[in-house]
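Q: According to Swiss-Prot, the protein has these features:
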BINDING   Asn31, Arg46, Arg89, Glu140, Asp141, Lys188, Tyr273, Asp333  beta-D-Manp-(1->2)-beta-D-Manp-(1->2)-D-Manp binding site
Amino acid sequence: MNIYRYEENPLITPLDVKPIHEGFEVIGAFNGGVAEYNGEVLLLLRVAEKPVSEDPEIVLAPVYNAKNKELELQSFRLDDENYDFEDPRMIRSKAKLEGFSYLTSLSYIRIARSKDGHHFTLDEKPFLYPFNEYQTFGIEDARVTQIGDTYHVNFSAVSEFGVADALVTTKDFENLEYQGNIFAPENKDVLIFPEKINGKYYALHRPSLKSIGNLDIWIASSPDLRSFGDHRHLLGIRPGEYDSGRVGGGCVPIKTEEGWLILYHGATEENRYVMGAALLDLNDPTIVLKRTKTPILEPVADYEKNGFFGDVVFACGAIQEGDTLHMYYGVADTSMAGCDMKISEILHQLEVEAK
C-alpha cells in the first residue's frame with residue numbers, strides 16, 4: 001500500500017508549544033483528535049507539561065485540585081523506598097501491584113489550526129483543561145465525531161479514581177457543554193460512530209482489565225450518546241501478530257460502500273505501536289467482516305522510532321477527501337505527524353488478506 005508521509009513531518013513538536021504553566025516544560029504535543037471547521041483543519045492536541053524540579057533528587061507530580069480549582073505539586077524523593085521511579089512517566093507505589101499513584105506530567109487539550117493541513121498555528125489557551133475531580137491527573141487523547149452541526153469530543157479523564165472516558169459537545173470549538181463520563185474506569189480509546197445505525201448510536205471502547213482477559217476492543221450502543229449498553233466483544237489481540245499485546249480504537253469509523261472502516265492501533269508485548277484496519281458490517285457493526293494481517297502504518301521514520309516513548313504511531317483522527325484519507329497521528333509519544341493513504345487501497349488490503 002502506498003503511504004505519503006508529509007514532507008513537513010513532524011508537523012508539531014514540543015518545541016513548538018509554549019507551556020501555560022510557569023516552571024513547566026512541554027514534553028509532548030501528540031495524539032491529536034481531528035476535525036474540519038470553518039475552512040480549517042483542527043488538531044485537538046494532547047499537550048503534556050512537566051514541572052521542572054530544581055533538585056535532581058526530587059520528582060514532582062502535578063495534581064489538579066478540583067475543590068480550589070488550582071494546580072498543586074506533590075514532591076517525592078528518589079530515595080523514598082515506598083515508591084518506584086523507574087518509568088519516567090509515572091510514580092508507582094510499591095504497595096500497589098499494578099497501576100500508578102501519580103503522573104509526572106499533566107495533559108490537557110490545545111487546538112492547532114491549519115488552512116492547508118500541513119502548517120499549523122497553535123491557540124495560546126487550552127481548549128480543554130481539567131475542571132473536575134475525574135480529571136485531576138489530566139485530560140488525554142481526544143477524538144472528535146461530527147454529527148450534524150455538533151462536534152462530540154470525547155477524551156480520557158484521568159484521576160485517582162482511574163481512567164474514564166468523558167464527553168463534551170460544541171458547535172464552534174469555543175462554547176462547550178459537558179455531558180459527563182460516558183464510560184466508567186477503566187476504559188479508554190472510545191470512538192463514536194458518526195451516525196445512527198438502525199436507530200441506535202454506537203461506540204467502540206477498550207476496557208483495561210486487571211484480573212483476566214486481554215486489552216481488546218468492545219462495542220456498545222446508546223439511544224442518546226450518554227447511556228451506553230449492550231456491550232459486546234469485537235476485536236481481540238492476536239498472538240504472534242502485530243497486535244499481540246493490545247488493541248484500541250484509533251480514528252472515528254469511516255462509512256464505505258463495503259462496510260464501516262475501522263483504523264485501530266495494535267501493539268506487541270514489547271509496546272511497538274502500529275495502525276491496523278478492520279471492516280464492520282454496515283447495518284450491524286457488531287459483525288467483523290475483515291481484518292488486516294499486516295499493518296497499514298508502522299514506525300519506520302526517525303521521528304516515529306525515537307522520542308519520549310519510541311516505536312509508536314498512534315492515530316486519533318483523519319479527514320476523508322474522496323478516496324484520500326488524510327491521517328494525523330502521534331509519534332513516539334512526543335510529536336504529531338501526518339500522512340495520506342487511499343481508502344480503496346486499505347479496502348483492497350483487507351480483501352487480499354481475508355483470503
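Cβ coordinates are placed from backbone N, Cα and C, and glycine is handled just like the others.
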Q: Non-local Cβ contacts of Asp141 (beta-D-Manp-(1->2)-beta-D-Manp-(1->2)-D-Manp binding site) (under 8 Å, 6 or more apart, same chain)?
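A: Residues satisfying the criterion: Asn31, Gly33, Arg46, Phe155, Ser156, Lys188, Asp189, Cys316.
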Q: Among all protein chains shown, how many Cβ atoms are found within 10 Å of the Cβ of Lys188 (beta-D-Manp-(1->2)-beta-D-Manp-(1->2)-D-Manp binding site), not counting that one?
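A: Excluding its own Cβ, Lys188 (beta-D-Manp-(1->2)-beta-D-Manp-(1->2)-D-Manp binding site) sees 24 Cβ atoms within 10 Å.
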Q: Cβ within 8 Å of the beta-D-Manp-(1->2)-beta-D-Manp-(1->2)-D-Manp site centroid (Asn31, Arg46, Arg89, Glu140, Asp141, Lys188, Tyr273, Asp333 excluded): which residues?
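A: Those within range, site residues removed, are Phe30, Ser107, Ser156, Phe314, Gly330.
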Q: By Cβ count within 10 Å, point out the most packed of the binding-site residues listed: Arg46, Arg89.
A: Arg46
Q: Is Arg89 (beta-D-Manp-(1->2)-beta-D-Manp-(1->2)-D-Manp binding site) helix, strand or coil when read with DSSP?
A: coil
Q: For Glu140 (beta-D-Manp-(1->2)-beta-D-Manp-(1->2)-D-Manp binding site), write down the residues of its own chain that are at least 6 apart in sequence and whose Cβ falls under 8 Å from its Cβ; none is a fine answer.
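A: Correct list: Asn31, Arg46, Ser107, Phe155, Ser156, Val158, Lys188.
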Q: Under 8 Å Cβ to Cβ from Tyr273 (beta-D-Manp-(1->2)-beta-D-Manp-(1->2)-D-Manp binding site), same chain, six or more residues apart: give me those in sequence order, or none if nothing qualifies.
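A: Non-local contacts for Tyr273 (beta-D-Manp-(1->2)-beta-D-Manp-(1->2)-D-Manp binding site): His265, Gly266, Ala267, Pro299, Asp311, Val312, Val313, Phe314.
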Q: Using DSSP reduced to three states, classify Asp333 (beta-D-Manp-(1->2)-beta-D-Manp-(1->2)-D-Manp binding site) as helix, strand or coil.
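A: Its secondary structure by DSSP: coil.
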